[in-house]
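*Asks:* Look at TrEMBL and you will find B:51-71, B:198-218, B:251-274, B:294-316 tagged as transmembrane segment. Residues or ranges marked as domain 'FtsX extracellular' in TrEMBL: B:87-178. According to TrEMBL, the domain 'ABC3 transporter permease C-terminal' annotation covers B:202-318.
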Amino acid sequence: MIAFEHVGKRYGGRFEALAHLNFRVARGEMVFLTGHSGAGKSSLLRLVMRLERPTRGRIVVAGHDIATLHSSQVPFYRRQIGVVFQDHQLLFDRSIFHNIALPLEIQGMEPRESARRVRAALDKVGLLHREKALPIELSGGEQQRVGIARAVVNKPALLLADEPTGNLDPQLSADIMALFEDFNRIGTTVMVASHDLALIARLRHRILRLRDGRLVGDEGAR
Amino acid sequence: MSASRTGQTPLRGARSQRARLVSRLRAWGRHHRAMALDSLHRLVRYPLGNVLTMLAIAIALVLPAALWLTLDSARLLDAELTESATLTVYLANDVNVGQAQRIHEAVTAQPAVEQTRFITAEEGMAEFQHSLGLEDTLAGLETNPLPASIVIQPDDVAPAAMQTLAERLGKMVGVDEVRLDLAWIERLRHLADLGRRLALALGVLFGLGVLLVVGNTVRLSVESRRREIEVVMLIGATHAFVRRPFLYSGAWYGLGGGFLALVLLRLGGQWLALPVASLAESYGAAFSIPSLDVTGSTILLSCSTLLGWLGAWLAVTRHLASIKPG
């Protein structure tokens, strides 16, 4: 699903955020990406999302060599991956329902089908009763679950999450991780960046460890 | 068997491809409709500021439109004047009535002459006194200083033809002078030509003004919705998708400005109608304040809508390049 080949990323010509990255993530796998802050977790996810291009090497995601992807093709590429952000990136002037419907609206899905999918996603994250609420009326954990519902509403083959439990207490964090495991169980490839080592050690999935932009550990690979 | 199967597959493929195209077109139309309404809704939500923007557009449109209208009616006036273009032949003072009669006949016989009117010295004097309101003053004159004259309406009112005719008539015996009332028609034409060019230049300038007004307004609204744009781009919105609501609001601004311009033109026309009518009457001309007809109004509205759309497009496109999601 994801293949990094000799990938390096420099910012401003000097600072080396990532270097010599080589790894593969198989379809249907669940992978944690860990390391201290500044180790390059977010940079790596940004490369996969094609928010940035690598300065070296090749990245292939779902069969696309994304470094050579034309910029007009990038939106269509991004529709194939669901992303959960640490700060949720919700739109505060529209309801939970419309936030989650946004990816479907962008794809031009027919409204009735779209509403059905939005409710299914809301049900999955346990917020069906809050569809008319505004994001500001929800707690941090609920907002994060809305972010997850939006990321999975168009059934992406790849789900990325950047510190999804960053601001949550341990119980809520465990709930969120359990949700990701559910999506992984139905075949979605999941990649979660997190520095919550205690939590991810308990979950027994593959762990990629980054330090100073280099891959220093790859444990529990299938 | 296998032949029929391979024959069927591409057909089915084509059909599903067409179905996909139809559903994509529907989605496209749906989003257009939604964005047209959404942007209109946003306009209505903040009426004052948006009406002011439209008013700025309207004022920019009114000036060139009004100038154009004036020139358009001047052209009608010009046609009327050309029809009444005449030559006046003044006879020498020592020509007696019999000679004058013969000259009149000779002039009428000229091939290029359509119609003539003979004015005796006395008639000329009376007309002169009447038109100037100087009856009393001129009555004190002992002798009539005016000669007899012949007013000629030529066949061909083209300036060159009239010039030739005038030269020919001027060589006749007993003719003192031939006056050609062409110069001021020519001047009027040059003036109208100048005005048209001025209107065009003003139109281009004020059109640019409309672009700037809309562009600036849209730039601000893009800035105020920056976060929203970043989020939708993160989850796969194309530039066209992001641009669409702003293009519609630009078009709405243009359309609203166009309507206001029509209203302003109409009001201005009514305000000026009375003095213009009196002025025209005093010149004996039938001239009234022109108003835009359906075609003219449609052209104005289309132009303003197009300008609004274009201004929005320029502003959003320039601005989107600076917005990087994430």
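Heads up, the Cβ atoms here are built off N, Cα and C, so glycines get one too.
So where do these features actually land, and what's packed around them?
*Replies:* Sequence-distant contacts of the transmembrane segment (B:51-71) (same chain, six or more residues past either end, CB-CB distance under 8 Å): 192, 195-196, 198-200, 202-203, 206-207, 209-210, 213-214, 217, 253-254, 256-261, 263-265, 268, 290-292, 296, 300, 303-304, 307-308.
Among residues of the same chain six or more beyond the transmembrane segment (B:251-274), those with a C-beta under 8 A of the stretch's C-beta atoms are 39-40, 43, 50-51, 53-62, 65-66, 69, 210, 213-214, 217, 288-292, 297, 300-301, 303-309, 311-312.
Long-range contacts of the transmembrane segment (B:294-316) within its own chain (CB-CB distance under 8 A, at least 6 residues past either end) are made by residues 57, 61, 65, 69, 207, 210-216, 218-219, 222, 242-243, 246-247, 249-255, 257-259, 261-262.
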*Asks:* Per DSSP, how many helix, strand and coil residues does the domain 'FtsX extracellular' (B:87-178) have?
*Replies:* 42 helix, 22 strand, 28 coil
*Asks:* Counting by DSSP, what is the helix, strand and coil composition of the domain 'ABC3 transporter permease C-terminal' (B:202-318)?
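*Replies:* Across the domain 'ABC3 transporter permease C-terminal' (B:202-318), the residues distribute as 101 helix, 0 strand, 16 coil.
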